[in-house]
Structure formats: C-alpha cells, structure tokens
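Read the structure below first, then the notes.
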Amino acid sequence: MAKDEPPCQAEACSLQGCLNRNTYTPDKCEAHVIALFKCCQTMYETASGDGKAPGSSTACPKPSVVERRLKRKGSNSSRK
C-alpha cells in the first residue's frame, strides 16, 4: 500500500478488477468482496481499540454494513 493510499484501497481495486473481468457478476468475485470487508472490519476495530474515532476509508462502507455482511456470510470470526 502506498503511503498516502487510504486503508483497504488495494482490496477495493482488486474487487473492481474482478468485477470488470466478470461483467459485474458479484457471485464470481465473492472472495474479493469478503477480503475487502475483512480489511474494513480490521481497520474499524483497530481505530476503535486505540480510543480514537473510528477509522475511515473511501474504500469501505459504514461499520454496520461491514458487520452485517460478514455475519451473513459466516465470516465474522474475529469479532469479540
């Protein structure tokens, strides 16, 4: 990740590339979606764990969206 690149930008770009290659068929890019959401979850948990305001990135949806999506996919194993 470049120094000034927002958190999770690489995962977002990877997802966008997958969607472009697969004619915007989200089912074919599910692994990229989950990777992005896990990155966002880690960013939010790290930011809230140090007492600062929640982290932010233009690559990530709101924390509630991230949490809901990962719970729905059963990939929320790092939540406390």
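Count begins at 1; order follows the chain as displayed.
Placed from the backbone N, Cα and C atoms, the Cβ positions cover glycine too.
Not measured: the values here are computed from a predicted model.
Taken from TrEMBL as is:
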DISULFID  CYS8-CYS39  disulfide bond
DISULFID  CYS18-CYS29  disulfide bond
DISULFID  CYS40-CYS60  disulfide bond
REGION    46-80  region 'Disordered'
COMPBIAS  69-80  compositional bias 'Basic residues'
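Put plainly, the disulfide-bonded residues CYS29, CYS40 were compared by Cβ crowding within 10 Å, and the winner is CYS40. Neighbour counts were taken as the number of other C-beta atoms within 10 angstroms of each residue's C-beta; across the disulfide-bonded residues CYS39, CYS60, the minimum falls on CYS39.
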